[in-house]
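What follows is one structure encoded as structure tokens, with my remarks underneath.
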2 protein chains.
Amino acid sequence: MSYHCVYADEVRMWVFEEVLPTGEKLSEVINKTNENIKYLPGIKLGKNVVADPDLENAVRDANMLVFVTPHQFMEGICRRLVGKIRDDAEAISLIKGMEVKKEGPCMISALISEQLGINSCVLMGANIANEIAVEKFSEATVGYRKDKEIAEKWVQLFNTSYFMVSAVQDVEGVELCGTLKNVVAIGAGFVDGLEMGNNTKAAIMRIGLREMKAFSKLLFPSVKDSTFFESCGVADLITTCLGGRNRKCAEAFARNGGKRSFDELEAEMLQGQKLQGVSTAKEVYEVLNHRGWLELFPLFSTVHKICIGQLPPSAIVEYSEHKPNYSIVGGSAQFF
Amino acid sequence: MSYHCVYADEVRMWVFEEVLPTGEKLSEVINKTNENIKYLPGIKLGKNVVADPDLENAVRDANMLVFVTPHQFMEGICRRLVGKIRDDAEAISLIKGMEVKKEGPCMISALISEQLGINSCVLMGANIANEIAVEKFSEATVGYRKDKEIAEKWVQLFNTSYFMVSAVQDVEGVELCGTLKNVVAIGAGFVDGLEMGNNTKAAIMRIGLREMKAFSKLLFPSVKDSTFFESCGVADLITTCLGGRNRKCAEAFARNGGKRSFDELEAEMLQGQKLQGVSTAKEVYEVLNHRGWLELFPLFSTVHKICIGQLPPSAIVEYSEHKPNYSIVGGSAQFF
């Protein structure tokens, strides 16, 4: 592809080695067939992609590192990379979903920067992998902290005619969008399960977007309103609330009147994949409770209370008496 | 309803008189049964609602006027009301869809103010009538020009536990959202018809929202970004792009490869109802062309060109080379 002529001929991809049922190693099959037959069957990878089961070897000499693993492996991976990467390496994280702890969220880009001492951007957006793989049109957002030139390099690297990438200077805003949308998707799933119709679903998505924005800005005052109009914001929220496993399980939960737990539904419906929205809702609730912000976030709070059985699914629309006014916290009406 | 205790005991509702197949007059049936059996069957109206076929009598003494008619009747209605209403009357328009003329849009609230010499607010939002009638939760936005107290009266009047109303000082922004969303819904319908998936649909909706915002701000610099986060903005856009007749006909248009015209599909699918998105797309295109803004609005332009057969439906995703930069017109990067 002509877009990539400024980049190296070989792109090394670290692969967590697995032995396939045929007895072959996954990395060897990828290099032989140019296809990840286990995780993205039917799609040819670029010819310049070389699978490498040796993490240290994969990153050696690399000056651009793309992180895309389940987020629970990131701490271990970073520990193994300390001292093994180039000093001038630049990182980007595509990892959606991060840990929200009581004292605030632990962001993956911050983890990378702190552990490895390098700069890290993020890439988020309405990006269901299978649809991108078959080259259907979509968009994505690069979030960067300071260095616009680096962000533009990442844009140039990822951009194609069917994958439109924009850069915004708001790494926290972009990264928080990717996590918080899953909580909203749980709420949207309840509305679907209760067959409340499109007005209600749109209202819940809108209130959810407002709470995503307000929560992000309370945690990081540098977060920009405009970020929520980007692909990482409104577009990813729409995709996740239309399809997506969080929405799907929440729909089933509401249809069963909350009588079957999320653990049970997850095991039955997701074949081993994990539901991020329920645990994120819990983590967000803890932050809200810890900081005294519960009343400001009726949707986030209600989603969690429904998930743990403290409220019925129908409560998703029953907080209209408590219209929040974020200005009492932030000292400004900017949150609306 | 306790909410409304500050309002008059009797709410007169002008009804364009029709003789029903039974030989009875519509207004008489409404007053006898408390139900508009022709246009909203099965729903009981408030007991304080009195249907009146005499327009002058209906508005006599009224100090709050709610306008909700097909927009093509508004000029004629206003002409008949000149000199017949109280000087201190306040108006609100619920009419979605207005005329976009070459020199700019002719807004209904402006028409009311100019013709009748009174102030007019607007009410817009994700408000499919049948869902509100059965009291499913939804939201709406009141747009006002200057007088916040009046806006709050309207909020108090319309607000219920299942219908949450907010007021924003941006009458043009709120009103333009109601019109322009239909153009985006046509684009979203093309994506559905071509089975491009949720990433693509979300991307088109997001680009559409960005163009709605940019177009509104170019026409009325007072329009606020935050308005597009309200129910009239993102929520109404979502509802319209999920259901809605514009989306539905555009889906059928794309499925037929553009070989059957919108006129034909409209006649077949809508039982006499009219498609606003196609004509709005044409009107918006004329404004863009007239002002030299075509390149800034690739989605709006492309929707119109597909509607008139100048481009195939698949063109809806083929303008990535022309990423617009609104700042060259507005002198600021605020539009993003």
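Each Cβ is built from the backbone N, Cα and C atoms, and glycine gets one as well.
Pulled from TrEMBL, these are the features on record:
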- B:9-147: domain 'Glycerol-3-phosphate dehydrogenase NAD-dependent N-terminal' (DOMAIN)
- B:Phe16, B:Phe73, B:Ala129, B:Arg245, B:Lys274, B:Gln276: NAD(+) binding site (BINDING)
- B:Lys96, B:Arg245, B:Asn246: substrate binding site (BINDING)
- B:170-318: domain 'Glycerol-3-phosphate dehydrogenase NAD-dependent C-terminal' (DOMAIN)
- B:Lys181: active site, proton acceptor (ACT_SITE)
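Everything TrEMBL records as a feature, shown here on the structure.
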| residue | record | Cβ neighbours (10 Å) |
| --- | --- | --- |
| B:Phe16 | NAD(+) binding site | 12 |
| B:Phe73 | NAD(+) binding site | 12 |
| B:Lys96 | substrate binding site | 23 |
| B:Ala129 | NAD(+) binding site | 11 |
| B:Lys181 | active site, proton acceptor | 32 |
| B:Arg245 | NAD(+) binding site | 19 |
| B:Asn246 | substrate binding site | 26 |
| B:Lys274 | NAD(+) binding site | 12 |
| B:Gln276 | NAD(+) binding site | 21 |
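The Cα of B:Lys181 (active site, proton acceptor) lies closest to that of B:Asn246, out of the binding-site residues B:Phe16, B:Arg245, B:Asn246. Distance from the CA of B:Lys96 (substrate binding site) to the CA of B:Ala129 (NAD(+) binding site) is 12 Å. Counting residue by residue with DSSP, the domain 'Glycerol-3-phosphate dehydrogenase NAD-dependent N-terminal' (B:9-147) contains 38 helix, 37 strand, 64 coil.
This prediction places the mean pLDDT of the domain 'Glycerol-3-phosphate dehydrogenase NAD-dependent C-terminal' (B:170-318) at 94. The substrate-binding residues named in the record, B:Lys96, B:Arg245, B:Asn246, extend over a maximum Cα to Cα distance of 14 Å.
A Cα-Cα distance of 13 Å separates B:Lys274 (NAD(+) binding site) from B:Lys96 (substrate binding site). Reported as a whole number, the C-alpha separation between B:Arg245 (NAD(+) binding site) and B:Lys96 (substrate binding site) equals 14 Å. Distance noted between the C-alpha atoms of B:Phe73 (NAD(+) binding site) and B:Lys96 (substrate binding site) is 13 Å. A distance of 10 Å separates the Cα atom of B:Lys96 (substrate binding site) from that of B:Gln276 (NAD(+) binding site).
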